[in-house]
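*Asks:* Copying in the features that Swiss-Prot gives for the protein in this structure:
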| type | residues | note |
| --- | --- | --- |
| ACT_SITE | His372 | active site |
| ACT_SITE | Asp376 | active site |
| DOMAIN | 2-77 | domain 'Lipoyl-binding' |
| DOMAIN | 115-152 | domain 'Peripheral subunit-binding (PSBD)' |
| MOD_RES | Lys43 | N6-lipoyllysine |
Amino acid sequence: MSVKIIVPSLGESVTEATIAKWYKKEGDPVKTDELLLEIETEKVTLEVNAPCDGTIGKISKTDGANVAVGEEIGEINEGAAANTAGTNNESAKAQAVTQPTSEKPVEKPAVVNNILAPSVQKLVTENKLDPNNIKGTGRDGRITKGDVLETINTPSAATSTPTVNKTNEERVQRVRMSRLRKTIAQRLKDSQNTAAILTTFNEIDMSKVIALRNQYKEEFEKKHLVKLGFMSFFVKATIEALKLIPSVNAEIDGDDLVYKNYYDIGVAVGTEQGLVVPVVRDADKMGFAEVEKAIGTLAKKAREGKLSMADLSGGTFSISNGGVYGSLLSTPIINPPQSGILGLHKTEERAVVIDGKIEIRPMMYIALSYDHRIIDGKEGVSFLVKIKELIENPEKLLLNL
């Protein structure tokens, strides 16, 4: 009896996907819930597992094919896995009897690319890691992104791949754009072509918020089991600024302006596959600890490729922190259909004038890119001034002033 392999439901409003990679070929034995393939949507990569024990009977859609939800992409001949495995074992025993023993130690076989997810293989290659020395914690011992990232943080755990002199043919690598990368490219270009994007800047003295964090970070972590970062301060300050300037939390829908009375804040996260913006829902109803936990959870899921469509959908305003990469100044691009995005940057000590005296202070440039069709210049400037006021006086955030 054959069992169909079909494209699963991909979330609300998502009807198409692309087959990223098959991990099995026709004739391979499989067990229930064993990984068969990965498919990519516009925002996430999803795994498709075997619905039963058996053998791959047919693969009707190969790597790179565009497929629809519910479409048949292959078949499993049910119940044949055990028999196939038994045959393979007998064959292996026969070979063991007839093959002469070599005096030279057999080298440990290299991990073949096709048992690594594309994103994992890319990360391994970019960091020149030997996958044989990475302990896999995924299903059936598969290496996950988290395993690779942990290895990168403890470099002694993996042996670097020796540098090889490349031929002229190997100096250029042509790689098909992933569905996520194509979506990012299209959305950013659409944003530039549709919105009247304008960027305004300000700078913040981070002295007080740094002092407050340093004073309470250990006590905060001990009580809430999460580290106190700066992003929670900026999320809370952003919400207060959005309440003051409602147009920044609005969007254009045809001939209508839609003002949103809720605050779902997107926080941009860079991954090896590209930039994603998971959403912290109803952030205005959260305390600092809840915001930090939500951001930490979403960032971890993003790095491991486990974000769901629900994690990425919606959002009324976004925050992007280029400072973690060392950026001093940038003009972030609006994430449509939102009307604004806040850009944070690297905190750097600079000479500033305080009460007529030159002092060294930790300063950060902030930027607001906004859609000038809906937000006036005065509103954009006032929005940043409010954030500056709250971050430079963090007690106002704590006292809800």
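Glycine too: its Cβ is placed from the backbone N, Cα and C atoms.
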*Asks:* CB neighbours of Asp376 (active site) within 10 A?
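*Replies:* A count of 13.
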*Asks:* Count the Cβ atoms, other than its own, that fall within 10 Å of the Cβ of His372 (active site), considering every protein chain shown.
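*Replies:* His372 (active site): 13 neighbouring Cβ atoms within 10 Å.
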*Asks:* How many helix, strand and coil residues does the domain 'Peripheral subunit-binding (PSBD)' (115-152) contain under DSSP?
*Replies:* 24 helix, 1 strand, 13 coil
*Asks:* Write out how many residues of the domain 'Lipoyl-binding' (2-77) are helix, how many strand and how many coil, based on DSSP.
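*Replies:* Helix, strand, coil within the domain 'Lipoyl-binding' (2-77): 0 helix, 40 strand, 36 coil.
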